[in-house]
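Asker: I am attaching a structure below and will ask some questions about it afterwards.
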C-alpha cells in the first residue's frame, strides 16, 4: 500500500479520499475492495483490510461460463436466456404472420405484398429479343430427400427460356401439351410422397421429372419425353398399382371472349340487365369478394382503385400480375368495376365489392392444371363468388348431331369431370359459388366437363341485344342462366376500354349479380341463386335459359321469394337425359343434321373425337358423291 497505513481523526469525523492509501496488489492478484467501508464516520478505532482475488489464467476461465448454469453468476446462463428470448420472439412473429392464412413468401422465397395490394409482373427478354412475362422456370421440384415441397408448385407453361412446349393439336377437342401428364388422387389420404418415390424408382432418368404439385386438388404433374404420353398413361397404373389414381392430359384452355367488331351502343347491357335499377336496392358489400380467374389484370386501371384482395399469380405465388390480353381486365370491370365510367357505358354490376384477380395464364397460355389450381386458391382464400370465363375449346364439334354431342357429354372426358367434381364439392361445402362461362363453340354446354353438374355451378350462356341466343354461345344441357354477351363495353389495358363478345362477358354480369344477392342474403346457395335468376328473368329462345334482370332478382331475394330448385332443369348422367320439354327442348339447333355414328376402338378421348369427326366427314363426303352422281344422271 502506498501512503499512510494509520489515520488519526477526531470522534465523528470521516476520512477523506486523499487519506485512504492506494492499494497496488502483487502480480497475479486483483484488488477487489475493503472489507468495511473506510469512509464511514469514526465512532471508535476501526481496522480496514484490503481484499484481493487471484487472476486465473485464460485456460481456466471457461469455468466462469458454467458456474451456476441456470442460476448464480455464470455467463452462460445469461447467454442461454438471451437466445431463448430471441427464439420466442421469432416464434411469436411467425405465428402472428400466419394467422390470416395468407401466402407469406413467393416461390422464390421473397415476401409478398399486403392483401390489398397488387403489382405488375416483371418482364424479361427472350433470346430473340422479344419480351415475355417472368412467371418462373420449369424445374424438378422433388427435394434431395425424395419428398415434395410443403407448398404446392404450379409449373409455368413456357418458362424463363421462352421456349414453347410441344403441342398436339386436336381438331374438335382441346390442344394438349405432349410431354406432361397430371396425376390425380381420389383418396384424400393418399400418400403423394410415396407415389413420387415409386415413380422415380421406375423412371430414374432425368427425362422423367416431377414439375408440379397441388395438395388442394391432390395432383402431381410429371414431365416425360415427347412421344411417350400414350405409353406412360397405360403403364403407370400397372407399375404403381398399390395406389389409386387417374391420369388427365394437360390440355390447353382458351378465353371465352374476343374483341368485338361492334362499335356502337356502348353500355346496352347495363340497361338490358336493369343494373342501375338494381343499385337502388344495393351496390354490394365491401366484405364480399369476387374472384376473377383469368389471364391477369391491369393493376393500375381506374376501375379497380383500392379494391384488391389477395391477388394471386399461381405460377409465382405472389401478387405480381400481367395485364395479359386484356381479357381478365374486361371481365373484372363487368363484375365489380367502379361506377365512375357509367355515363360512358362501363360499370361493374357490384361496384362496392372486392376483387380477387387470380392469374392462371403464362404468356397467353393456360392449362387444365393451372386453371384447377387457380380456382382452388380462390375457394380457400376468402372468395365468395368465383368467375371462370375460361375453359376448353371444342370448336368443330358443332358439326355433330345433337345425339352425338350428348353422347360425348355422357361418355368422354370423365377424368376431367372427376377433378371438377372435387373442386365443385369443395366450393359447395364452403358456400362459394362458381360461375362458368358456357363457351363459344355453338355446342351442347354439357360437353364441357366443368358444366355437367348443372345446378351445382352457375353456367352462363350469351344473348344479343335483340334478346336471342348469340350465334356462338353454347346452349341447352349444362346451361342454366343467360346474360348479355355481344358488344359488351368494359375496362381494358392500359387504363382504357373496349368492346368484347363472348360468354366470357355474360358470366361476370351474373357473378356481380350473385354478389348483390349475397349482400342481401349471405347464406343464399348456388341452387337458390339459379332458381331466382331463372324465375325473374326474361325469356329468350328455346336454346338458352332466361336472361338476368337484376332489379327483379334483388327484389325477390329481399322479399324472401326464393325457389329451392331451378325451373329450367336438365340433368346429365351416365344413362339418360332428363329435361323439361316445354322450356328446354333438346332438338337439333339450326343447321344441324341428324346422323348417327359409332366410335371404333378409341385409344383416348381425344383420339375418339377425332375418329368421330373423321367418320362424320366420310359419311358426308359419300352423301355428297351420291348427290353429285344423281345430278349428273339427271342432266
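The backbone N, Cα and C atoms fix where each Cβ goes, and this holds for glycine too.
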Asker: Need the matching range: TrEMBL marks transmembrane segment on one of 78-96, 97-115, 116-134, 135-153, and I'd like to know which.
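Answerer: Matching range for transmembrane segment: 78-96.
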Asker: Between the candidate ranges 553-579, 580-606, where does TrEMBL place the region 'Disordered' annotation?
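Answerer: Range annotated as region 'Disordered' by TrEMBL: 580-606.
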Asker: Would you kindly give the Cα-Cα distance separating residue 504 (active site, charge relay system) and residue 327 (active site, charge relay system), rounded to the nearest Å?
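Answerer: Here the two Cα atoms are 8 Å apart.
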Asker: List the same-chain residues at least 6 positions away in sequence whose Cβ sits under 8 Å from the Cβ of residue 294 (active site, charge relay system), in sequence order, or say none.
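Answerer: The list for residue 294 (active site, charge relay system) reads 255, 324, 327, 328, 331, 332, 357, 358, 359, 360, 361, 387, 389, 390, given in order along the sequence.
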Asker: Output, ordered by sequence, the same-chain residues six or more apart from residue 504 (active site, charge relay system) with a CB under 8 Å from its CB, or 'none'.
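Answerer: The list for residue 504 (active site, charge relay system) reads 255, 256, 257, 327, 330, 331, 389, 390, 437, 440, 485, given in order along the sequence.
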